[in-house]
Amino acid sequence: MDSRLQEIRERQKLRRQLLAQQLGAESADSIGAVLNSKDEQREIAETRETCRASYDTSAPNSKRKCLDEGETDEDKVEEYKDELEMQQEEENLPYEEEIYKDSSTFLKGTQSLNPHNDYCQHFVDTGHRPQNFIRDVGLADRFEEYPKLRELIRLKDELIAKSNTPPMYLQADIEAFDIRELTPKFDVILLEPPLEEYYRETGITANEKCWTWDDIMKLEIDEIAAPRSFIFLWCGSGEGLDLGRVCLRKWGYRRCEDICWIKTNKNNPGKTKTLDPKAVFQRTKEHCLMGIKGTVKRSTDGDFIHANVDIDLIITEEPEIGNIEKPVEIFHIIEHFCLGRRRLHLFGRDSTIRPGWLTVGPTLTNSNYNAETYASYFSAPNSYLTGCTEEIERLRPKSPPPKSKSDRGGGAPRGGGRGGTSAGRGRERNRSNFRGERGGFRGGRGGTHRGGFTPR
């Protein structure tokens with residue numbers, strides 16, 4: 001808590017220093033002397049109104065400056081002529097164009113000691129992107145204030161580490177390699193193709209073959225996907241948003257989520273160094289489309305998926321120019337969500353080899369994949385699932401139970417006749433002498449049933 005408070009104070013101090021620099025104040029403590037108070041603004045407005053009234057010849061005499069004692073009309077006319085001449089001389093002065101120096105004119109809330117955070121203008125002035133100021137984006141501190149979620153993530157990571165298969169990898173040219181040789185069928189497929197868009201933005205020559213979307217569509221992903229499975233496709237931030245959806249439909253998937261990678265530039269603030277010639281804005285994000293195949297419901301298929309554990313945003317520092325690697329957090333999102341152990345990563349690299357995954361890519365430097373050995377990890381019934389503990393099941397977010405027709409009214413049948421102890425409109429009262437809203441027995445005064453006798 002103390003470190004968090006210290007961080008807030010340091011940011012506040014930095015904002016006051018920037019504001020003092022923009023307003024021309026000597027220090028952050030002298031900002032109040034530079035800013036005008038409400039009374040001073042009112043005096044300035046009254047002075048301006050008085051000057052306008054004195055220059056306006058059509059204004060009534062009551063709004064003009066009163067004549068001093070002994071002043072004649074001729075003196076007044078001469079004085080007014082002098083004022084008009086001075087005004088005309090000022091208008092004839094050459095026009096001086098104002099040069100933009102800082103954003104003090106555009107700051108919001110400058111009449112207070114704590115101006116509002118205008119992150120867009122701050123980006124124009126300093127080059128710091130607005131997403132730089134989002135707190136608790138790392139995996140370590142994201143759930144610091146949510147102890148149940150933090151415990152859930154810890155337990156799931158331990159279970160995943162125990163159930164992971166040894167890492168396997170295969171160096172292969174995916175364009176020439178028949179991916180149907182990969183067995184068995186996979187529960188999760190992650191595609192990270194080296195799109196032309198990545199190198200077009202950086203302006204650096206690619207050290208591997210760039211893939212077009214026509215090439216990606218030719219992959220027979222549907223032949224290696226399990227009947228119920230998920231796919232994650234990195235598609236950039238341009239034309240891939242539309243063409244990636246076309247690929248999912250061709251392979252038999254339905255798009256269900258769009259995971260967005262937001263890139264910060266805390267370590268290297270400034271404008272984007274390289275711009276895509278086909279882009280309209282500076283692109284600071286990438287998209288990963290998620291598709292679902294088969295019938296998977298989060299309310300009934302808790303043995304295969306755990307929904308709502310992670311969010312659909314990844315916020316990390318932008319990699320160096322020419323580095324097209326994706327954040328490692330995408331693996332955590334996939335492993336936390338899908339409990340299937342048969343995971344395939346296409347277009348992987350040496351840096352992405354990971355326990356529990358089969359990595360295939362042309363840039364890998366070695367191979368250890370054996371189809372029989374890999375298939376033996378899933379030979380037992382339901383061995384393709386990681387399983388779940390009672391504690392994880394208790395902590396994980398769940399869908400609300402479905403409402404049946406019998407639960408619609410609270411337990412009692414609708415109608416129930418117009419008499420008897422079950423009468424009423426489906427509202428069950430937790431009382432032994434419940435009388436329905438309509439019908440039922442009514443006795444006189446007294447007795448256990450307000451009549452003193454047992455009803456017929």
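Each Cβ is built from the backbone N, Cα and C atoms, and glycine gets one as well.
According to Swiss-Prot, the region 'Disordered' annotation covers 50-75, 393-456. What Swiss-Prot records for Tyr146, Asp242, Arg245, Arg298, Ser399 is site 'Interaction with METTL3', and it gives similarity to another entry as the kind of evidence. What Swiss-Prot records for 245-254 is region 'Positively charged region required for RNA-binding', and it gives similarity to another entry as the kind of evidence. Swiss-Prot lists 255-258, 278-287, 308-312 with the feature region 'Interaction with METTL3', giving similarity to another entry as the kind of evidence. Residues annotated as phosphoserine in Swiss-Prot: Ser399. For 425-440, the entry in Swiss-Prot reads compositional bias 'Basic and acidic residues'.
Recorded features from Swiss-Prot, shown on the structure.
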| residue | record | Cβ contacts under 8 Å, 6 or more apart |
| --- | --- | --- |
| Tyr146 | site 'Interaction with METTL3' | none |
| Asp242 | site 'Interaction with METTL3' | none |
| Arg245 | site 'Interaction with METTL3' | Arg255, Leu289 |
| Arg298 | site 'Interaction with METTL3' | Ile305, Ala307, Asn308, Ser399 |
Which residue counts does DSSP yield for the region 'Interaction with METTL3' (255-258) in the helix, strand and coil classes, in that order?
0 helix, 4 strand, 0 coil
Reported in the order helix, strand, coil, what are the DSSP residue counts of the region 'Positively charged region required for RNA-binding' (245-254)?
6 helix, 1 strand, 3 coil
How does the region 'Interaction with METTL3' (308-312) divide up by DSSP, counting helix, then strand, then coil residues?
0 helix, 0 strand, 5 coil
Could you tally the C-beta atoms, other than its own, that fall within 10 angstroms of the C-beta of Ser399 (site 'Interaction with METTL3')?
12
Grab the same-chain neighbours of the region 'Interaction with METTL3' (278-287) for me: Cβ-Cβ under 8 Å, and only residues 6 or more beyond its ends, written as numbers and ranges.
129, 131, 200-201, 234-238, 240-241, 244, 258-263, 265, 271-272, 318, 326
What is the pLDDT of the region 'Interaction with METTL3' (278-287) when averaged and given as a whole number?
86
